[in-house]
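Below is one structure, written out as structure tokens; comments come after it.
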Amino acid sequence: TKLGCAEGGCGACTVMVSKYHPHQNRIIHYAVNACLAPLCSLHHCAVTTVEGIGSVASKLHPVQERIAKAHGSQCGFCTPGIVMSMYALLRNSPQPSMHDIQEAFQGNLCRCTGYRPILEGYRSFTKSGCQDSSTLPVQKLYDQSEFMPLDPTQEIIFPPELMVKQPQRELRFAGERVLWIQPCSLEELLELKATYPNAKLVVGNTEVGIEMKFKNLLYPVILAPAYIPELNIIQNTQDGIQVGASVTLTVLGDVLRAAVKKLPAHQTEVFKAVLEQLRWFAGQQIRNVAVCHVPEDSEIKCFMYVSGLVNYWEKRVIEMDGKFFPGYRKTILKPEEILLSIEIPYTRKYFSAFKQSPRKEDDIAIVTCGMNVFFKEQSNIVQSIRISYGGMAPVTVLATATCNRLLNRQWNEELLEEACTSLAEEMSLSPSAPGGMVTYRRTLTISLFYKFFLNVQHKLSLDLLKEGVTVEDVRPEYATATELFQLDSPSSVQLYQAVPPGYSDDVVGQPIMHLSALKQATGEAIYCDDIPCYENELHLALVTSTKAHALIKSIDTSDAMAVPGVVAFISAKDIPGSNMTGPVVTCVGHIVGAIVADTQAHAQRAAKAVKISYEELQPVIVTIQVCIYSTFICAHHSKWNHLAMHQRFCEMHIGGQEQFYLETNCTLAVPRGEDGEMELFVSTQSASKTQALVAKALGVSANRVVCRVKRMGGGFGGKESRSTILSTVVAVAAHTVKRPVRCMLDRDEDMLVTGGRHPFFGHYKVGYMNNGRVMALEVTLYSNAGNSLDLSLSVSRALFHMDNSYNIPNIRGTGYVCKTNLPSNSAFRGFGGPQGMMIAESWMSDVALSCGLPAEEVRRMNMYKEGDFTPFSQRLDNFTIDRCWEECMQLSDFNKRKDAVEQYNRQHRWTKRGLSIIPTKFGISFTAVFLNQAGALVLVYSDGSVLLTHGGTEMGQGLHTKMVQVASKTLGIPCSKIHITETSTNTVPNTSPTAASASSDLNGMAIYNACQTLLQRLQPYKDKNPKGCWEDWVSITAYFDRVHLSANGFYKTPDLGYDFETNSGRPFNYFSYGVAVSEVEIDCLTGSHKNLHTSIVMDVGKSLNPALDIGQVEGGFMQGLGLFTLEELRYSPDGYLYTRGPGMYKIPAFGDIPIELKAVGEPPLFLAASVFYAIKDAITAARAESNLTGPFRLDSPATPERIRNACEDKFTKLCPPADPGTFIPWAVQV
């Protein structure tokens, strides 16, 4: 069981809780987030973790086996949580539907796999199993017939001693600062609330746990009323369903679904609306414990529930109307009162509720609304109407003025126009409003009302028709605006080049399972923080700057040192070696010092108590634009008057991206007590760089420091250089206190201090002919580096990819690295390449729109051909992108699909579909030439077993598995005889980072070199005994003949090197080529989109392991999907990062994968740009409805906000944005 975010947003910590429920009179099993579940709340409960259901050492559970064998575990850090979500589902439903499985995973995130193999592996538990509907010849990546059957009768039994009907006495747990009380009766609860009026009532801890962890709030007394019978009541009343305040959202959903099936449709409109909201509210783990009375949840509080409140003297019933919430997170409850129950009313027919969020699954709403209207008998005249919104103010607001204007009006277009105009006036927001997205939120209030208007218009016309009254129905092309979002079950096909017949013994090219997959699925795989604690070990917590640019005047640690268990405060004066920073902090999150204490909790508490006095400095530069203006750098374009062509100037901004590896940065430093030796266990992609920088900080030579890396729970470039900022601090602390010191960053700390992918701003001038042929291009790229250079110069890879796959006769590119007061940005998958290619596709899209030509024709016309030269003078040999293009067109059935898209768009006004095909050319090699080297050490023991060590690190990509395959083939022995323990600087020195898509090439060749050396030494013994086996040659002959049975291997990529001055040389060893087709559907009223189809074709040569490479296909594609359509880092104008966890920063979830996915090969992340440009294609169709044609700017990511704002129509015109410079925005585009 792992810790991924500590806020219930990623599911890595999922466990199953089982308990006897006295009010349901049965044993219930449900998944929960361990990070939020208080230990005190588990009295009389059984907790099952991933380690408890099976192990490699004993017996696997089918849930563990299937995710591993289906290749659904890469880095493995999320795997235990996913396994337990599935296990809990199977305990309740041994043969679930795919809908059940998708719903169970709404609270789980994975950054590696792309989700498809997980869903496909677990599809085998459904009644239909893994049915393949594809007509294509498909090679299987695994054999489903090998799966163990699921036998529900063999599951762990619930402990009989926990079959307790109800707690018979009050329970109290006293901690250092908090008293937890679990009363057993309503009377006890009321007495306690009277005694402790400010006590918090906690059932699921889904809100209080967040407040105490991240808002530094302390609640000295917590009351836990989960078992009180009166708070668990569920009963039908004359007016609705009464639900006790401790009833969980999951149980509430079950009750409402049963009511919808049983009761007449006209009574259950509110029930259906609540169910629709619950469907997208949080994840299953949260819904299993969260209760329905929580007033803070904006998705729930738009509904007009009737609430029952009770105190020690009286019971009162009030309506949950506009007065129920007098302020932000405040209700009209008195301090001594508690909420006893709520009543969800029956309704007449015309009720709707909507929620719009950045991501559909498990997301916080941007705007929600609940709307209800009543009509006079046999008419469409409004008798009463209520419209309420969440997300437009600190509390739920009623559009009272608008509702009053609509009374006694006919439900028609005139009413709609009046309502929209009134809502635009009434639902106003300050341009500086918290949460930002002001124009979008205002537009949503109108768009969502319009959806309600259409919904009511359709139902009303049908109802009145039955009574002989005719009113206008919804136009057919408007109908999709009223449809609810449906999450379809995904289907997929994976094609790869199979090993030819007769070569079945060749392990290279076989889809072998990740060698650690089974251990990862059982929780037995050891990550850095899983290493058992040393006897005298201490824990470290960082102290970071709260200012973006300031001089540190003083640091007061007196309060911090008074916290129990605190041992030391570590600061710059404790560094025995090199220190090149301070006393000026240059970003929010700049590490100022660290607290060392006996526990992590004490260290973190003390770190928050450190008081730092600052003198703020100017300027504070956060954005690229401010950096450009403050340093007077700008794009200077040449005059092209002599060229007879059209010219276009444009700009594009590409947002940054957080790596969001599931395992945050972690270091354990162990001083060895002599000669300055230090041993480090680190989650890093760069063991040698960690070794070197720690040695420098400690003032010792590198040979005194050993860095070990077993595996990482994801890296993606984020642990190439930025992991060292933690490792050096922990090492200095361990050196200072002379004891082992450990630190694993919390998610919010990690996101704050480590930076991410560079935001880019591109300014370009493109010249083209009428037929779409691009003749000239001048592009200027600016990257936001943050407060240090770090690896930003290597992001010059963007310039090497500014052409993407297009041959431009006249081209010039200029790049600038912008220093800002943000945490230093660093490497991330693609390393500048995706940003450069994204700008290229932007000007290519502009050319197609300007010429009025199909984009696919313009792209195809401008593509390179075999033997062409790039702008950096490298010849394109073995150029296969044209073949990839044709194969992808055929695989996706592009022309037929395009006709269908065009027909759909003619028939639908408020939903549009888009289609795009995008090529890519990605250079493989480090652009820093010296890094293109690798070493290996192969040890053969006298029993014939082989220990393999190389310079690469395992972060889920399966590098160790591939290296074992290479050694297996070279030595001619089974993979079972070969083992890799770890990556360590005392076995292979001076290793390059595991990055740049080059690690398999470099380390594989180094291993091949070492194995060839060994084979040469063994050859005489093989010649003497040709019928012998490996053990005969090694154990019986070579060893006794004193043959050296270990060998070093080394490899450097030949003929590399590029000179910017002369524009000559070879920056890349070769290129990988690929093409992707994507189809999407957008909701023009909300900006939401669905990924309908993606086909990917990539030429990667001969795959070492198709299963792992296809995993990289889909995982990389989904990361690109996040980069270009979803993930948005949001900073304040002062440089404070708002998005510091999964609550506000949304990576793609299970529901975001394309409904239909076909993949061939291993593409870089960039091919997800096909989704972005499919969205742009759909927006183009929407804009045409408003007579808007030609190019338009769409920045990345294409979030719902940007999509909706780009689909300009009569509603957006009612909500114009405020003029820039007239206000201070809540967030800025960095």
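Cβ atoms are placed via backbone N, Cα and C, with glycine included.
Record features (TrEMBL):
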ACT_SITE  Glu1162  active site, proton acceptor
BINDING   Cys5, Cys10, Cys13, Cys35  [2Fe-2S] cluster 1 binding site
BINDING   Cys75, Cys78, Cys110, Cys112  [2Fe-2S] cluster 2 binding site
BINDING   Leu201, Val202, Val203, Gly204, Asn205, Thr206, Glu207, Val208, Phe281, Leu339, Lys355  FAD binding site
BINDING   Gln685, Phe716, Arg829, Ala996  Mo-molybdopterin binding site
BINDING   Glu720, Arg797, Phe831, Thr927  substrate binding site
DOMAIN    173-349  domain 'FAD-binding PCMH-type'
Within 10 Å of Cys110 ([2Fe-2S] cluster 2 binding site) by C-alpha distance: pick out those among the binding-site residues Cys10, Glu207, Lys355, Arg797, Arg829, Ala996, and say none if nothing qualifies. Cys10
Inside 10 Å of the Cβ of Glu207 (FAD binding site), count up the other Cβ atoms and send me the figure. 17
Could you check which of the binding-site residues Cys112, Phe281, Glu720 is the closest Cα neighbour of Cys35 ([2Fe-2S] cluster 1 binding site)? Phe281
C-alpha spacing of Glu720 (substrate binding site) relative to Gln685 (Mo-molybdopterin binding site), in angstrom: 5
Looking only at the binding-site residues Leu201, Val203, Asn205, Arg829 (Mo-molybdopterin binding site) has its closest CA neighbour at Asn205
Taking each of the binding-site residues Asn205, Gln685, Thr927 in turn and counting other Cβ atoms within 10 Å of its Cβ, which one has the fewest? Thr927
For Mo-molybdopterin, what surrounds Gln685, Phe716, Arg829, Ala996 with a Cβ no more than 8 Å from their Cβ centroid? Gly715, Gly717, Gly718, Glu720, Ala827, Phe828, Phe831, Pro993, Thr994, Ala995, Ser997
Across Val203, Ala996, listed as binding-site residues, the smallest other-CB tally within 10 A is for Val203
Shortest C-alpha distance to Asn205 (FAD binding site) - which of the binding-site residues Cys5, Cys75, Thr927: Cys5
Excluding Cys5, Cys10, Cys13, Cys35, please set out which residues of the same chain place their CB within 8 Å of the center of the CB atoms of the [2Fe-2S] cluster 1 site, keeping sequence order. Lys2, Leu3, Gly4, Ala6, Glu7, Gly8, Gly9, Gly11, Ala12, Asn33, Ala34, Gly81, Arg747
Specify the nearest of the binding-site residues Leu201, Phe281, Phe716 to Cys112 ([2Fe-2S] cluster 2 binding site), where nearness means the distance between Cα atoms. Phe716
Could you state the CA-to-CA distance between Cys75 ([2Fe-2S] cluster 2 binding site) and Phe716 (Mo-molybdopterin binding site) to the nearest Å? 11
Have a look at the binding-site residues (Cys78, Leu201) and report the one with the fewest Cβ neighbours inside 10 Å. Leu201
Note the Cβ centroid of Glu720, Arg797, Phe831, Thr927, the recorded substrate site, then list each other residue of that chain whose Cβ lies within 8 Å of it, in sequence. Gly717, Leu791, Ser794, Val795, Ala827, Gly832, Gly833, Phe926, Ala928, Ala995, Ala996
Extent of the FAD binding site in Å [max Cα distance among Leu201, Val202, Val203, Gly204, Asn205, Thr206, Glu207, Val208, Phe281, Leu339, Lys355]: 27
How many other Cβ atoms are found within 10 Å of the Cβ atom of Cys110 ([2Fe-2S] cluster 2 binding site), counting all protein chains shown? 31
Sorted by sequence, non-Cys75, Cys78, Cys110, Cys112 residues with Cβ within 8 Å of centre, [2Fe-2S] cluster 2: Ser73, Gln74, Gly76, Phe77, Thr79, Arg111, Thr113, Leu662, Gly713, Gly714, Gly956, Gly1115
Look at each of the binding-site residues, Phe281, Phe831, and point out the one with the fewest other Cβ atoms around it within 10 Å. Phe281
Maximum Cα-Cα separation in Å among residues Glu720, Arg797, Phe831, Thr927, which the record lists as binding substrate: 16
Using a Cβ-Cβ cut-off under 8 angstroms and a sequence gap of six or more, which residues of the chain neighbour Cys5 ([2Fe-2S] cluster 1 binding site)? Ala12, Cys35, Arg747, Gly1141, Pro1142
